[in-house]
Amino acid sequence: MKNVGIISLGCPKNTVDSEKMLAILKEKGYNIVNDKNKADILIINTCGFIEDAKRESIEYIIEMGKLKNRRLKYLIATGCLSERYNKELLKELPELDAVIGTGDFPKIAEVIEEIEKGKTVLEYGHANLLNDEGIQRILTTPNYYAYLKIAEGCSNACSFCIIPKIRGRYRSRKMEDILREAEELVKKGAKELILIAQDTTKYGVDVYKKFMLPQLLKEISKIDGLKWIRLLYAYPDSVTEELVEEIKNNEKIVKYIDIPLQHSHDEVLKRMNRNTNRQKIEEVISRLRSIPNMVIRTTFMVGFPGETEEEFEDLKQFIKEKRFERVGVFTYSREEGTKSYYMKPQIKKSVKIKRQQELMEIQKEISYQHNLSKVGKQLEVLIEGFEDGIYYGRSYMDAPEIDGVVYVKSNKKLKAGDFVVATITDAYEYDLVGEY
């Protein structure tokens, strides 16, 4: 029995694809290993969204290629980088035995059979035809939380983004399929389901001809044993009144939303082809703020082509004024195949980094003040582990791996997956400390 390992890079959407590949291979009799040094076959599920992600994926491929001097026999690249650079990857990285695009990963077992016959395999170009419905998953996350992908692809056509070319047009899954999978995940022990897609708020527009996310959330919340539902990748132009009401009134939906805004200035938003404007963004924020204790996570992009000092200043003031609880700031990455690649003037890297640092400094203080306001209050915490004599976990305000943690001092015997109500005693810029 051959050992197969997988390294999943990039976003949670990739994680789900990796989990499906593992299930396919296990069913075919392969042995799944977590230690790359024990693998006969290693799959790297790559990210190819921006420059840093591409570099990381390529570095991993080169690094893992060195294992071929030892036990490793075959190295396969899947995911976004593979879809985007297909033939080029095979040509430039001789370590690779196969390259599989985003729409072709269900063929993983057949591809391995082919490379074992001595062939080099290239499969790509079918992003729009991906059919992975009904494929089981072997969870790579701890069993108490799981990602639930509700749609594939994107049709938003932002001028800086290559995703529609890599992942295809927006395709919602059928509600009954999502609900079946959600029930299975909860049966396996998931207490938190994290809804993901390139754009979760557009769910249903293609299949049902209307926004169906509120209805989907309502149905998922009926599952016994499920405690938290978390919403990531919401798109500002599709946050409806109905969605806000569902989040507000549904006890299982955590009062947290991840809603990438990208910028505040109308001219920049127009160049980005964001299909929204400052006024609409203000309205969405105000709608969300009507939900008590709502935590808004957002991301902004600095150094977009033509971003003037005045436009950057506008963004700076916007962040100061809106006081988002969670903010990520990215520097614009010039990607071939996007409309913004040809826009002028392109901003110098040094300016982009300076702007990023400026915004993060502002946000650091906002985040600290927000955390400080929690001292003396009680927060429910999902325990995730124990390290250096203290437990750590997440509150409703924290998504896994992207937000902070809550450290919990306790003499009680706790285990990962337990929910406890901690009294917050101390605050840092991104983390909290509590007692239970």
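Quick reminder: no glycine exception, Cβ is built from N, Cα and C everywhere.
Now, the feature entries from Swiss-Prot:
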BINDING   Cys11, Cys47, Cys80  [4Fe-4S] cluster 1 binding site
BINDING   Cys154, Cys158, Cys161  [4Fe-4S] cluster 2 binding site
DOMAIN    2-117  domain 'MTTase N-terminal'
DOMAIN    140-369  domain 'Radical SAM core'
DOMAIN    372-436  domain 'TRAM'
Neighbour count (Cβ, 10 Å) for Cys158 ([4Fe-4S] cluster 2 binding site):
21
Fewest other CB within 10 angstroms, which one of the binding-site residues Cys80, Cys154?
Cys154
Per DSSP (three-state), Cys80 ([4Fe-4S] cluster 1 binding site) is helix
Average the pLDDT scores across the domain 'Radical SAM core' (140-369) and report the rounded value.
97
Among Cys11, Cys47, Cys161, the one of these binding-site residues whose Cβ has the fewest neighbouring Cβ atoms within 10 Å
Cys11
Whole-number Å only: compute the distance from the Cα of Cys11 ([4Fe-4S] cluster 1 binding site) to the Cα of Cys154 ([4Fe-4S] cluster 2 binding site).
15
By DSSP assignment, list the helix, strand and coil residue numbers for the domain 'MTTase N-terminal' (2-117), in that order.
63 helix, 23 strand, 30 coil
Per DSSP, what is the residue count of the domain 'TRAM' (372-436) in each of helix, strand and coil?
1 helix, 32 strand, 32 coil
